[in-house]
Structure formats: C-alpha cells, structure tokens
Amino acid sequence: MKSIYITGYMGAGKTTIGKALSKELHMDVIDTDQKIEEKQEKEIRDIFAEEGEMAFREYESEMLRSLPVENVIITTGGGIIEREENRKWMKENGTVVYLYCDPHVIAERLREDTTRPLFQKKDIDAFVMKFELRRAYYEEAHIHIDTTNKSVKQIMDELKEKINE
C-alpha cells in the first residue's frame, strides 16, 4: 500500500487521526515535525526563532523525501503544502488526506498552546488569513475530511470509507 499523507492546518487533528489510522490499518505512523526535531536536535519553535521559517521549510522538504513511500502513515506539519514540490511528491507517492477544521474552532483550541510557532502573537484575523492562503493547496489532496466538531470515531469512519473507495 502506498503511504498515506495526512495534511491540514495546525490543530485540525492530524496527529490524533494519524495515530488512530495507524492502529486501524496496522501501519507505522511517522510525524514529520517530530522527525525534524530529532534530526535538528531542537524543538520546532527554536528552529523558527533561531533559523527562521525558510530554514524550517527546507528541513521539512528534505525530511519528506527521506521517508518511506509505502506502508506508512505520515502526519505532516501544517505548512508542508506551501511548497509545490512537496504537494507533488505526496500526490505522486501516496494518498493525500486533507483534514479541514473551521479556523475559528482551531483558534479556540490553540489559543493557549505555546508549542505552535505560527500561532504565537498572532490575532485571529491573521490566523484565519494564513489558513485561507493555504486552503487551495490543502484542497489538492485526494481525500477531504471535515473534522469540525466531529469525534475521532466519526472522522475515522468517514476516512476509512473514502480510503476504500
């Protein structure tokens, strides 16, 4: 089976759904952000602070290409889709899943989360604007799932149905 790439904006449920799907399909799950932190030996927020977003995006592209393209679920950072080369790579090497969640719901979830570098010191309008700028890229995915106000079970049922189509 080709890899399954789970994309979506921060807070949409990528990590949670990736873990749940991993159990259902008996496949390993790899988180690109976690792998970058391990390789760079620092947290993402520190990479952003010390090296900037462009350096992080380069690490992200390198990491994406280093991962297996079969029998694995890959949960991605929210901005991985900003680079056309990344979108193309994922579409050519697996099934891309876009987890959509209303940006106002996400903002409420993340308001106090200090581990989210692009959410820090941003107002809701700027957050929603960044979300909307990325939306067309996310929508290039093979499968779209709206996670807004849904349980993990509801999301998983819908995702399994769409994967098996």
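Glycine is no exception: its Cβ is also placed from the backbone N, Cα and C atoms.
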May I ask you to find which of D28, D33, D102 Swiss-Prot records for the substrate site already listed with R57, G78, R134?
D33
Here's one to test understanding: among the binding-site residues G13, T15, T16, whose C-alpha is closest in space to the C-alpha of R134 (substrate binding site)?
G13
May I ask which of the binding-site residues D33, R57, G78 is closest to G13 (ATP binding site) if we compare their C-alpha atoms?
G78
Express in Å, rounded to the nearest integer, the largest CA to CA distance found among the substrate-binding residues D33, R57, G78, R134 named in the record.
18
Among the binding-site residues K14, G78, R134, whose Cβ has the fewest other Cβ atoms within 10 Å?
R134
Are there any residues at least 6 positions away along the chain from D33 (substrate binding site) with a Cβ closer than 8 Å to its Cβ? List them or say none.
I44, T76, G77
